[in-house]
Amino acid sequence: MPSRRRTLLKVIILGDSGVGKTSLMNQYVNKKFSNQYKATIGADFLTKEVQFEDRLFTLQIWDTAGQERFQSLGVAFYRGADCCVLVYDVNSMKSFENLNNWREEFLIQASPSDPENFPFVVLGNKVDIDGGNSRVVSEKKARAWCASKGNIPYFETSAKEGTNVEEAFQCIAKNALKSGEEEEIYLPDTLDVGASSQPRTSGCEC
Amino acid sequence: MRRPSNFAFSTYDSFINEVQDDASISWRKRKKHFFILSHSGKPIYSRYGDEHKLAGFSATLQAIISFVENGGDRVNLIRAGKHQVVFLVKGPIYLVCISCTEEPYMSLRGQLELLYNQMILILTRSVNRCFEKNAKFDMTPLLGGTDVVFSSLIHSFSWNPATFLHAYTCLPLAYAIRQSSGAILQDVADSGVLFAILMCKHKVISLVGAQKASLHPDDMLLLSNFVMSSESFRTSESFSPICLPRFNPMAFLYAYVHYLDGDTYLTLLTTSSDAFYHLKDCRIRVENVLLKSNVLGEVQRSMVDGGMRIEDLPDDRGSRSGAVSSHLGQPGHATYSSERFDEAFLGVGGPAGLWHFIYRSISLDQYVSSEFSSPINSRRQQKRLYRSYQKIYASMHEEGIGPHKTLFKRDDNYVLLCWVTPDFELYAVFDPLADKALAIKTCNRVCQWIKDVENEIFLLGASPFSWWTDPGNTPLPEFAEISL
């Protein structure tokens, strides 16, 4: 039994369309980058095995579509997530301002048992563009927002260059893991013999 | 989380699941996939491949189910070319079958129900509470080592008629032998055992339940599958929590399991978690009686002799008293032959081209099927025959238009004759060129034969829980009644 004890972690990636969610994932899982923009339809799913403190994990990454028309998929997609990654483009103020909406929407839809401490990670992507000259959201501003939301870990990334991508996902795995660690004994009831005689339905039920 | 039990399952199944994911061709070529996943898309079980490698595929399945659910609807079936994708949603547990076997939707759905109940047998439905508390709950550790239980159940979907008939079958035994094993089981049942079941492989020798407690045939199927597929039961006496989903899906019972010989095992079910030593004593008593009255020897003999053979079908009604285990029947009516089958069918098979039959007694929840004989020799032919039965059973019981009473169907492979009455169902398979009137007449002879030997092939009223009417009083329809 112990050999098969591997944990699966569900990671949701959210953020406005075009901020680079799919590119980050591709860089992380496949070590590839393409300049061409291809909108995600609904959601894409990728898996990646990670090792952390001598244990093996599988990250099940839900790369969602950023377009508003897909947001109705909410509950279905967010249910049972172990970690939520919020992505914005450091060159787009709008995408940063929307982080708040994404975060709130996620908490409403996924309704995690402990919303205060649900693990988020924020990624400011596309730091490579124009040598940083077209940047409109400062690192200071982003970190301040993260601090105000319960010290969300923050990374500045470039999916194109691969900057900080590995580090960010290591942190994501670590946080996802933290949230799912409580161990319990599984103990269903034992049949009470006094109330045991149930009427039976006989024959075939097809 | 862990299961509170003394499990020591073998894990050789993990070697069978060589590294396969949804991108590998060998995985895609599989004809029939089964998946269990949680409502958050976390994989729980996959028949082929490694669940973790299939995490992305599992997420896709959840996305499809949840997307339809979001619209206030439910997805039951998707057809894509030759493939059927069948969905079953059981609260937080999703089950999916992807198949290109052309089995009816009803059959595949029934298989998913059994798969779900097999999981409930291992964990009880209390597992739902874990998901209520925590949607991201990962069930796989709880099911550690049970892959082989699911795989063996799925395999039985292609050979065991109990999986679609919802009935069990008995090992043919002389009436007195079954009676004496029933008596000792009744004796231990009276000492606080809920169910005492003596089985040989998937066939029942005898079973007894405490007052008013009744066992559903599906539960028996799942319990015997659980016991037979778990190697550790064979090597020592075991005590394990199990749940009978049709009896009470929410709570555990405790099963004491002991193999008396290579194939014969005694299962004692109790509600008390500290009854191990009591049940051990019960088993020793049962074993002593069985040895003294040579039940185990008779069981071995019956296993060797087999059950009803179509070659032994008596001539006409009343011509013989019929003892199934003695196989005294004539060497077969080899009068019928066809050039097409000359080689395969050298004078074997039953009269009038009868090849095989299954008879299900409705009041007893039991069925009996004839032994395979020529030309149904190879595993492939047997599987094809099995699929035909499964298909015809589904069409006889189709919602809306069923149940039908009689059906005579001729295709390239067989003539199929089905006869459904309030008391029994008969499914008989003939040579594709068989004569219709003769086939009908033969079916009546089969029914008469079954009545003649019912003491030996069925478990009759051994305990208070089976509420059947005395079959002696059930008038057997005359053959004139089956008119098509």
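The first residue you see is number 1, and the count goes up from there.
In case you wondered, yes, glycine gets a Cβ from its N, Cα and C as well.
Keep in mind that TrEMBL annotations are predicted by a computer and have not been checked by a curator.
Helix first, then strand, then coil: DSSP counts for the domain 'FUZ/MON1/HPS1 first Longin' (B:32-153) stand at 53 helix, 30 strand, 39 coil. Among the features that TrEMBL reports, domain 'FUZ/MON1/HPS1 first Longin' is placed at B:32-153.
When the domain 'FUZ/MON1/HPS1 second Longin' (B:192-285) is classified with DSSP, helix, strand and coil residues number 27 helix, 33 strand, 34 coil. Annotated domain 'FUZ/MON1/HPS1 second Longin' per TrEMBL: B:192-285, in sequence order.
Along the domain 'FUZ/MON1/HPS1 third Longin' (B:353-453), the predicted structure has mean pLDDT 91. Residues or ranges marked as domain 'FUZ/MON1/HPS1 third Longin' in TrEMBL: B:353-453.
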Structural state census, the domain 'FUZ/MON1/HPS1 third Longin' (B:353-453) (DSSP three-state): 37 helix, 30 strand, 34 coil
